[in-house]
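Enquirer: Have a look at this one.
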Amino acid sequence: MIHAIFEYKFLQNALAASILASIVCGIIGVIIVEKKLVMMSGGIAHTAYGGVGLGYLMGFEPMIGAFIFSACAAMGIGFIKRKGGAQSDVIIGLFWSLGMALGIVFIAFMPGYPPDLNSYLFGNILSVTKSDIYLMLILTFIVVFVVIALYNNWKAYLFDEEFAFIIGINTAFLEYLLLVLIAMTVVVLIRVAGIIMVIALLTAPAATAGIVSSKLKNRMVYAIIFGIIFCVAGLWISYVLNIASGAIIVILSVIFYFSMYSISYTRIKAKRKGIAIRQELS
Amino acid sequence: MRKTAVNIEKLSVYYGETPAITNICMDVEDGEFLGIIGPNGGGKSTLLKSILGLVPITTGSIKIYNEKLGKNKTLFGYVPQFATMDKNFPISCLEVVLTGCIKGGLSPFFRFAKKDRDIAFDQLERVGIKKLANKQIGELSGGEFQKMLIARALAVNPKILFLDEPTASVDASSREQIYDLLEELNKNITIILVTHDLMAISSKVGRLACLNENLVYHGKPELNDNIVNKLYGCPIDLIAHGVPHRVLREHGEEK
């Protein structure tokens, strides 16, 4: 495998894609998990399928279409949620399926033989092209820059939105900005995990990091590290076995999360028991 | 004559088509300690949030020191309801208080100065939990958490302090400490406190407002049966001020 990385361009691209994906996943994933926006991210991701379809139909880069659709979905969900009057999970559900439906319709309208959309749905890290890498690089840079630049504002906003609003932080702007960042993250992840499995990659490393650390900054760092481990290991397995990379990466990260969860659970239980016994003795 | 800190004229707030509060007229003077009581769902929190600008006003007006709402944001210190907070958020006690030092707008690459840290430590000392500064908030008890929220509100250096149920889910001794602290703070700050707990309204409150959709009573902290009946819809035990009267006998903490 290591020898092959130096030899094959597509493997180098795949490796670069996994690292970029892990960085955005780590940072945005921790925010999503803390802010309980997992399902909303799922909705934004699935809406992207409509953009992929439109890209194929109109003859432009499907990833650009995916980004436009995700960003519009993010803004739309955010706007309706803010205005009130409708349950946000209903809106998310509608956007979710509308995006998929539009994708199917656009593809159906395409003249000639329909393209293979599996790599968008399930991810295929081994088919990442140079131009994908450039797009991912730009989006990753924007996400990292925005989060670091406004770090203290984010922290105040995430912990207590109302208080942040009262001290004069523009929380409406931050909310929309966060949704757009999620849309960007989703686009970065589509190539690696696919539209359907984006949620796992967004949540598993962040949730695992949540078990390991109780500091926001450290959680992001750990989530990035876990992400890189899952992605590179998944990449290697999918290269060897020739299976869609997204599936392997998701299976690895979910298994890892559940094993970490059970380890920490048994440890807390043992600790609690220990304290109780000690107190009984004294 | 004292200035008017908060002036509320014919305020109504509706959630959808349900009224939360209707036709409230009330003045809060500068330096006052106002307690707002009323049953659950009586619109106490809604009133507080509409003054803070968190809930849109349906009709009426609110003026803060004679200016329209929204301009004077730095005047407000807010202590939200404990129950609505995320106690497992990965943040330390000091970091929470520091968020009170953030200036309005968006400040890219904002780093806390030494001055901000000093302010945060001073406020933590003031509420008596300086030694817990570096603990994660998940490790704090109910009382400590509440004190941390008060320290954060004070870090803003507010002229008006708003507290929403500050003694709910707080142990008895912390409750005493919080009321003593509020009395001390009231020398310089106007305080508006919301609670559904009649027992919690101690003699420290200067004026009382009773809210059950409408403003039932507003004045000196002396309730009579008539007001309480109107407020809660049924006669309940009154807590007479100055007279020790408890429904339950006080019991100390178990060792």
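Placed from the backbone N, Cα and C atoms, the Cβ positions cover glycine too.
Okay, these came from TrEMBL:
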- A:14-33: transmembrane segment (TRANSMEM)
- A:92-113: transmembrane segment (TRANSMEM)
- A:133-151: transmembrane segment (TRANSMEM)
- A:163-186: transmembrane segment (TRANSMEM)
- A:192-213: transmembrane segment (TRANSMEM)
- A:220-237: transmembrane segment (TRANSMEM)
- A:243-263: transmembrane segment (TRANSMEM)
Enquirer: What stretch, picked from A:92-113, A:133-151, A:163-186, A:192-213, has the most CB pairs under 8 A with the transmembrane segment (A:14-33)?
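Expert: Top-ranked stretch among A:92-113, A:133-151, A:163-186, A:192-213: A:192-213.
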Enquirer: Please indicate, using numbers and ranges, the residues of the same chain that are 6 or more beyond the transmembrane segment (A:192-213) and have a C-beta under 8 Å from a C-beta there.
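Expert: Same-chain residues near the transmembrane segment (A:192-213) but 6 or more away: 17-18, 21-22, 25-26, 28-30, 32-33, 38, 41-42, 45-46, 48-49, 52, 119-125, 128, 185-186, 219-224, 226-227, 230-231, 244-247, 249-250, 253-254, 256-257, 260-261, 264.
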Enquirer: Sort out the residues at least 6 away from either end of the transmembrane segment (A:220-237), same chain, that have Cβ-Cβ distances under 8 Å to it, and list them.
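Expert: That would be 1, 14-15, 18-19, 21-23, 25-27, 29-30, 125-126, 192, 201, 204-206, 208-209, 212-213, 243, 245, 248-249, 252-253, 256.
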